[in-house]
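First comes the structure, then the notes that go with it.
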Amino acid sequence: MSGFRTLLYKEVLRFWKVSFQTVGAPVLTALLYLMIFSHVLEAHVQVHGVPYAAFLIPGLVMMSALQNAFANSSSSLIQSKVTGSVVFVLLPPISYVEFFLAYVVAAMLRGLMVGLGVLLVTMWFAPPSFIAPLWILAFIVIGGGIMGTLGVVAGIWADKFDQLAAFQNFLIMPLTMLSGVFYSIHSLPEFWQQVSRFNPVFYMIDGFRFGFFGVSDVAPETSLAVVATSFLLVSAATLALLKSGYKLRS
Amino acid sequence: MSVAVAIEGVEKRFGSVLALAGVSLQIAEGEFFGLLGPNGAGKTTLISCLAGLARPDTGSLTVLGHDVVTDYRAARRLLGVVPQELVFDPFFSVRESLRIQSGYFGIRHNDQWIDEILANLDLTSKADTNMRRLSGGMKRRVLVAQALVHKPPVIVLDEPTAGVDVELRQGLWQFVRRLNRDGHTVILTTHYLEEAEALCGRIAMLKQGRVVALDTTSNLLARFSGQTLRLRVARSTPLPQTLRARATESEGAWTFPLGALGEIEPLLAAVREAGCQIDDLRLTQTDLEDVFLGVMQSTSTRQATS
């Protein structure tokens with residue numbers, strides 16, 4: 001597994017060397033969201049009996065973690081494909097499983113780091129409680145894993161940066177923005193509540209939030225089951241894709 | 001001498017293009033082997049199959065007895081490939097790139113060997129420079145270094161001197177020659193035929209995915225006769241038909257193939273007898289370029305008639 005270890009190290013080093021962009025920027029973005037939304041809505045809205053800012057913080061933490069987990073594996077792969085340096089990973093004796101694990105774990109780590117950063121700068125606005133930290137950890141780790149895996153798929157599939165941007169803007173962004181980061185789905189019309197239940201990101205955020213407040217739209221066990229199953233499914237599909245050598249080995 | 005690389009009936013198709021149409025080759029340990037052919041002949045595809053970057057449709061490839069598909073871990077550990085494209089990872093310095101590459105092969109604490117490679121490739125002063133800041137020639141040298149971090153017994157260089165200046169080319173060849181002397185098997189593809197002629201002990205020529213010539217460099221050179229005599233005569237005294245029939249004409253000069261040097265004297269006597277005035281006369285040694293062109297032409301006529 002030494003190939004895995006080095007590839008993971010390289011992937012972490014890669015985003016860490018540009019952490020201003022890869023960690024700093026998303027933390028600032030989340031902070032802006034919080035300041036604007038909480039300023040506008042704080043006086044008017046309470047969700048699950050908690051003030052809006054307190055409700056929003058876990059959602060922002062998770063959304064930032066998920067988007068950055070996706071960004072990490074996808075941008076790393078497309079860059080090394082476009083520049084051709086992916087050959088350095090393809091020539092050594094690294095199995096497709098090691099390849100998969102290294103990219104996904106690095107993505108999870110970036111997600112965790114961004115999530116932690118967002119939490120640290122936003123928690124001063126409305127100190128959150130941490131009722132069930134294990135649920136918090138479970139959802140952010142598995143959620144990051146799912147997004148990191150989707151990033152691997154997108155990075156391998158896309159031949160150009162604009163194709164990757166399309167994947168990000170038309171799939172990942174809507175899934176994360178329409179997942180209950182900014183609202184409880186119970187505030188939605190019945191139809192859109194039903195639609196939200198088909199969005200796996202909704203369960204990630206809802207379960208994650210349960211860890212902070214002990215209340216959620218659906219039972220956390222249900223969310224965990226949905227999220228874990230999703231992770232298994234996308235991982236299996238991605239491993240099959242990597243094994244086939246799709247777009248990596250002709 | 002055992003076999004370093006064995007290629008058996010390898011076919012590879014990309015869509016409707018048959019890139020490799022059944023290639024079989026054996027390269028012995030310690031050889032300096034040349035793989036020549038025009039663009040699109042399948043050289044890089046063959047190397048990609050050997051390196052595991054492409055998967056052959058049929059046939060098999062082994063490196064020191066290890067199949068590149070079923071036993072890829074062992075095969076790749078024994079193989080160092082210098083890719084044709086000038087690729088680099090812009091996030092890292094030269095040393096970081098080499099350490100990471102070592103780690104991919106399961107080698108940690110490789111700095112002693114890394115320093116040695118850097119010194120040999122004249123890169124020591126650039127060890128901590130970011131890859132982005134290096135000139136093209138230096139990036140090329142780093143690619144060679146990256147291929148050597150795991151001390152592979154078999155080294156493949158895919159057009160390593162394309163677009164590289166003369167000085168660097170010489171330095172690179174000195175280094176690769178030494179590696180070969182130290183026992184490494186070297187496989188080289190190049191467009192510079194004089195390079196192949198000077199370096200390679202044996203050569204395979206590829207055309208349209210097929211091996212059209214495979215022999216030692218000296219045999220290939222010998223096959224296309226030893227020397228030629230190039231004659232240019234004054235326009236007022238053209239060569240008679242009997243002499244023209246023995247030669248080929250290009251740009252107003254007539255080239256006579258010579259089986260032996262002794263043929264020169266009677267040839268010149270015949271020219272003098274015909275009353276031709278010689279403007280220019282040159283004796284040339286057949287080089288690999290003549291062989292290459294000869295092989296490529298003869299295979300196209302053979303293919304056209306078959």
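Every residue gets a Cβ built from N, Cα and C, even glycine.
Bear in mind that TrEMBL entries carry predicted annotations, made automatically and left uncurated.
Residues or ranges marked as domain 'ABC transmembrane type-2' by TrEMBL: A:17-245.
As annotated by TrEMBL, transmembrane segment applies to A:20-40 (among others).
According to TrEMBL, the feature transmembrane segment maps to A:52-70 (among others).
The transmembrane segment annotation in TrEMBL covers A:82-101 (among others). Long-range Cβ contacts of the transmembrane segment (A:82-101) within its own chain (Cβ-Cβ under 8 Å, at least 6 residues beyond either end) map to 1, 3-4, 7-8, 149, 152, 160-161, 235, 238-239, 242-243, 248-249.
Outside the transmembrane segment (A:107-127) by six or more residues, the chain places 12, 15, 22-24, 26-27, 30-31, 34-35, 38, 51, 53-54, 57, 60-62, 64-66, 68-73, 140-141, 143-145, 147-149, 151-152 with a CB less than 8 A from a CB of the stretch. Marked as transmembrane segment by TrEMBL: A:107-127 (among others).
For the transmembrane segment (A:134-158), the list of distant contacts is 58, 61-62, 65-67, 69-78, 81, 100, 103-108, 111-112, 115, 164, 167-168, 172, 200-201, 204, 207-208, 210-212, 220, 223-224, 227-228, 230-231, 234-235, 237-238, 241-242, 246-248: same-chain residues at least six beyond its ends, Cβ to Cβ under 8 Å. Residues or ranges marked as transmembrane segment in TrEMBL: A:134-158 (among others).
Marked as transmembrane segment by TrEMBL: A:164-185 (among others).
TrEMBL lists A:222-242 (among others) with the feature transmembrane segment.
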